[in-house]
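These notes concern the structure reproduced below.
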Amino acid sequence: MVKETIPKEGENIKIQSYKHDGNIHRVWSETTILKGTDHVVIGGNDHTLVTESDGRTWITREPAIVYFHSEYWFNVICMFREDGVYYYCNLSSPFVCDDEALKYIDYDLDVKVYPNGKYHLLDEDEYQQHMQQMNYPKDIDVILRRNVDILQQWIEQKKGPFAPDFIKVWRERYKKLRQKS
């Protein structure tokens, strides 16, 4: 049995995403924890090494704040670019944390949000393909579709990680923690 742990502020952790079949999908080598509770983990990273399932690696281009919630089937990456904040939202299982990493299952569907507030649902073809290949249960599909709706409401209502104050508060906290280290 895996013992769940709650990451502490200032701690550096790995983030591991998996596919439904249990195979590793992607690993972010280092994210600094800004807030860790039973329900929410908020972290920050910048120029972080990412390893893909096939072994390829790349480095993130900009500072980002990541948001995970234990009750919702999505996570949000807030990326700070010259022309504004972009959001990349992964439809995924709720997160779990253990001594190794923060972990979740990536379910292919993504929502990209632009600085002007417009957003698009991405990768529906990949989702349909993997749903058949990996035999996603029908109730997973229902949960994910419901969470797409919740995510769209959050975006439109500027709730949670889409709230302007969220960005200000957590970006500042990340900058201060980086200065200390």
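Each residue, glycine too, has its Cβ placed from N, Cα and C.
As given in Swiss-Prot:
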ACT_SITE  R26  active site, proton donor
BINDING   N90, D106, D110  Mg(2+) 1 binding site
BINDING   D108, D110, D123, E126  Mg(2+) 2 binding site
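Here the features listed in Swiss-Prot are placed on the structure.
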residue	record	DSSP class
R26	active site, proton donor	strand
N90	Mg(2+) 1 binding site	strand
D106	Mg(2+) 1 binding site	strand
D123	Mg(2+) 2 binding site	coil
Given the binding-site residues D108, D110, and counting only Cβ atoms in the protein chains shown, which has the most within 10 Å of its Cβ?
D108
In angstrom units, rounded to an integer, how far apart are the Cα atoms of D110 (Mg(2+) 1 binding site) and D123 (Mg(2+) 2 binding site)?
6
At the level of the C-alpha atoms, what whole-angstrom distance separates D123 (Mg(2+) 2 binding site) and D106 (Mg(2+) 1 binding site)?
12
Excluding near sequence neighbours, so keeping only residues 6 or more apart in the same chain, what lies with its CB under 8 A of D106 (Mg(2+) 1 binding site)?
S17, Y18, K19, H25, R26, N90, L91, S92
In the chain carrying E126 (Mg(2+) 2 binding site), residues 6 or more apart in sequence that have Cβ under 8 angstroms from it:
D108
Measure from the Cβ of D123 (Mg(2+) 2 binding site) and count the other Cβ atoms within 10 Å, all protein chains considered.
17
